[in-house]
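A.B. asks: This structure is in C-alpha cells; I'll ask about it shortly.
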Amino acid sequence: METNVPKRKEPAKSLRIKVISMGNAEVGKSCIIKRYCEKRFVSKYLATIGIDYGVTKVQVRDREIKVNIFDMAGHPFFFEVRNEFYKDTQGVILVYDVGQKDSFDALDSWLAEMKQELGPHGNMDNIVFVVCANKIDCSKHRCIDESEGRLWAESKGFLYFETSAQTGEGINEMFQTFYLSIVDLCENGGKRPTASSSASFTKEQADTIRRIRNSKDSWEMLGVRPGASREEVNKAYRKLAVLLHPDKCVAPGSEDAFKAVVNARTALLKNIK
C-alpha cells in the first residue's frame with residue numbers, strides 16, 4: 001500500500017545584497033553598523049579612512065541574506081575613493097545627526113553625488129533608502145525634530161527611523177525593516193515597492209511645510225509681499241488652510257504648519273487697517 005509522503009519544501013535560495021552608508025563625517029554611520037553587527041558601541045571617534053567593508057548574514061523570512069556592507073567615509077577628501085562604490089547597490093543607509101543641521105541639509109547633496117556617479121543609466125528608484133535620524137539620545141542638542149526629518153524622507157518615498165547607536169534604540173527595527181524591503185525589491189524584479197506613506201501627501205504639501213518652517217516672518221509665511229492688503233492676506237491664508245488643514249493633510253509637521261499660518265494671519269490683520 002502506497003502512502004503519499006508530502007514533499008519537503010525546499011528552502012529559498014540565499015540572496016547576496018550590497019548596502020552602502022552615506023552621510024557627513026561624524027554622524028555615526030560606522031557606529032550604527034557596529035551596534036547592529038557587533039552589538040556594541042564605540043565611544044571613541046575613529047574616522048573612516050576611505051571605505052570600511054564588512055560581510056554579515058541575516059535571516060529574512062525563510063531566506064538567508066548575505067549582506068556586503070560598504071561604510072563610506074563622509075569627508076569630502078575621500079570622494080575619489082568612495083565614488084567607485086555607488087554602482088550595483090540595493091540599499092542605502094542615509095544618516096544625519098539630529099544635533100547638526102548641516103548634516104541634515106547635506107542629505108540632498110549626498111543623493112546628488114550618488115546620482116552623478118551612477119550616470120545617466122543609473123536608476124535610484126530601484127534602490128531601497130532608509131534615513132537614520134541618529135544620536136537621538138543627545139536630546140538637549142537636538143535641532144532637527146522628528147516631523148522635519150520624517151517629512152523629508154517620506155516625501156521621497158524613503159524609510160525613516162529615529163536611532164541611537166549609543167543606546168541601540170531603533171537600530172534593530174531599522175535594519176529588519178530595511179532588509180525586508182530589499183528582499184521585497186529583489187522579489188519584485190528589482191523594482192522598489194511603492195511606500196504607502198509617500199503616497200499619503202503631495203509634494204506641494206511637503207514643500208509648503210518646509211517653506212513655512214523656514215520663513216523669517218509672517219509675510220513670508222503666507223507668501224505675500226510686505227504691505228499686502230487685507231484681501232490679499234486672507235486669500236493667501238485660505239489657500240494654505242485648504243492645503244494644510246490637519247483633517248485633509250497627513251504630512252509630518254502639517255499641524256504645526258497650519259497653526260503657524262493661523263497665527264501669521266492673525267498677526268498681520270491686526271496691523272492692517
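The count begins at 1 with the first shown residue.
Cβ coordinates are placed from backbone N, Cα and C, and glycine is handled just like the others.
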A.B. asks: Under Swiss-Prot, the annotation region 'Required for interaction with MAPK1' belongs to which of these stretches: 1-18, 109-126, 217-234?
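C.D. replies: Residues 1-18 are the ones Swiss-Prot records as region 'Required for interaction with MAPK1'.
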A.B. asks: Over the domain 'J' (217-273), what is the model's average pLDDT?
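C.D. replies: 91, rounded to a whole number.
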A.B. asks: Tell me the Cβ neighbour count for Gly23 (GTP binding site), meaning other Cβ atoms within 10 Å of its Cβ, over all protein chains shown.
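C.D. replies: Step by step: centre on the Cβ of Gly23 (GTP binding site), count other Cβ atoms within 10 Å, giving 25.
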A.B. asks: Over all shown protein chains, what is the count of other CB atoms within 10 A of the CB belonging to Met72 (GTP binding site)?
C.D. replies: 25
A.B. asks: Identify which of the binding-site residues Lys29, His75 has its Cβ surrounded by the largest number of other Cβ atoms within 10 Å, counting every protein chain shown.
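C.D. replies: Within the set of binding-site residues, the most crowded position is Lys29.
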A.B. asks: Around Glu26 (GTP binding site), how many other CB atoms lie within 10 A of its CB?
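C.D. replies: If we count other Cβ atoms within 10 Å of Glu26 (GTP binding site), we arrive at 16.
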